[in-house]
Amino acid sequence: MAKNSRRKRHRILAWIAAGAMASVVALVIVAVVIMLRGAESPPSAVPPGVLPPGPTPAHPHKPRPAFQDASCPDVQMISVPGTWESSPQQNPLNPVQFPKALLLKVTGPIAQQFAPARVQTYTVAYTAQFHNPLTTDNQMSYNDSRAEGTRAMVAAMTDMNNRCPLTSYVLIGFSQGAVIAGDVASDIGNGRGPVDEDLVLGVTLIADGRRQQGVGNQVPPSPRGEGAEITLHEVPVLSGLGLTMTGPRPGGFGALDGRTNEICAQGDLICAAPAQAFSPANLPTTLNTLAGGAGQPVHAMYATPEFWNSDGEPATEWTLNWAHQLIENAPHPKHR
């Protein structure tokens with residue numbers, strides 16, 4: 001009797017051990033799946049808290065109708081201006097408030113070259129400012145300005161995509177606007193953006209503060225160095241000043257890598273900063289350079305061939321010709 005009881009106890013213990021081992025195996029499998037999913041879906045390029053969290057890390061392509069409304073343009077060209085070249089009061093469809101804004105040299109001619117039914121040029125209206133925390137300039141902080149611009153760009157694309165699901169997109173940005181457009185392009189290319197990646201015809205970023213060697217198409221002449229946000233990523237004091245330097249974009253541009261162009265001039269410390277370009281010990285100079293100030297005439301000259309040109313074309317003309325070709329060859333969705 002005692003022998004039977006011992007056998008029974010051993011059997012129960014064996015079952016318990018087997019169950020525990022199965023639980024461990026299941027936990028390992030779950031951990032591996034989570035790790036693999038994490039590798040497939042890198043975190044958003046947009047700083048935390050700027051956009052509401054999506055329902056899933058990456059979404060599949062949305063179903064599309066065969067037709068869209070007759071009021072929908074075939075293409076929407078979204079332009080994100082640089083610091084001090086936009087405001088929330090600006091009319092996105094008629095941006096006359098800042099007549100010297102760099103990207104008007106692209107969107108203006110495009111609007112003249114194509115009918116409104118073919119392309120809508122949309123300039124993101126946001127508080128494009130950069131507060132120097134060592135001064136009393138009453139400007140919005142870079143973090144808040146960038147967040148506002150990102151939300152405005154995502155809202156514009158989301159609205160257009162909801163109303164016109166067959167419309168394609170061309171994205172351009174300059175300086176702070178290049179960071180914003182690049183972040184949104186990164187999210188789109190990695191399956192987290194406001195539209196599906198196959199709807200984006202192309203992206204061009206001029207003087208991108210998150211420019212990184214080997215990521216996107218570096219349009220020659222392309223200098224060495226990387227964006228200031230990468231060079232200064234490890235300087236935590238800047239975050240406390242409203243100047244978070246976000247480092248490389250996780251996942252790069254994903255599926256949009258081959259469709260994303262980076263234009264940067266030699267000597268522009270915003271997009272081509274050598275490793276020792278900024279001195280955290282000399283904070284005033286660093287902040288002034290980030291604001292496009294000291295030693296930065298290069299940053300303001302992309303409409304001229306003086307510091308950057310491709311076969312004599314300045315950055316704005318190169319971007320205009322590139323965009324014109326994309327729009328000319330873009331799909332012609334059916335309308336009802």
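Quick reminder: no glycine exception, Cβ is built from N, Cα and C everywhere.
Disulfide pairing as given by Swiss-Prot: among Cys164, Cys264, Cys271 connects to Cys264. For Gln176 (site 'Transition state stabilizer'), the count of additional Cβ atoms within 10 Å of its Cβ stands at 28 [all protein chains shown].
Within 10 Å of Cys271 (disulfide bond), counting C-alpha to C-alpha distances, fall the following of the recorded positions Cys72, Cys164, Ser175, His299: Ser175, His299. Cys264 (disulfide bond) sits 9 Å from His299 (active site, proton donor/acceptor), taking the Cα positions as reference.
Here is what falls inside 10 Å of the CA of His299 (active site, proton donor/acceptor) among the recorded positions Cys72, Cys164, Gln176, Asp268: Asp268.
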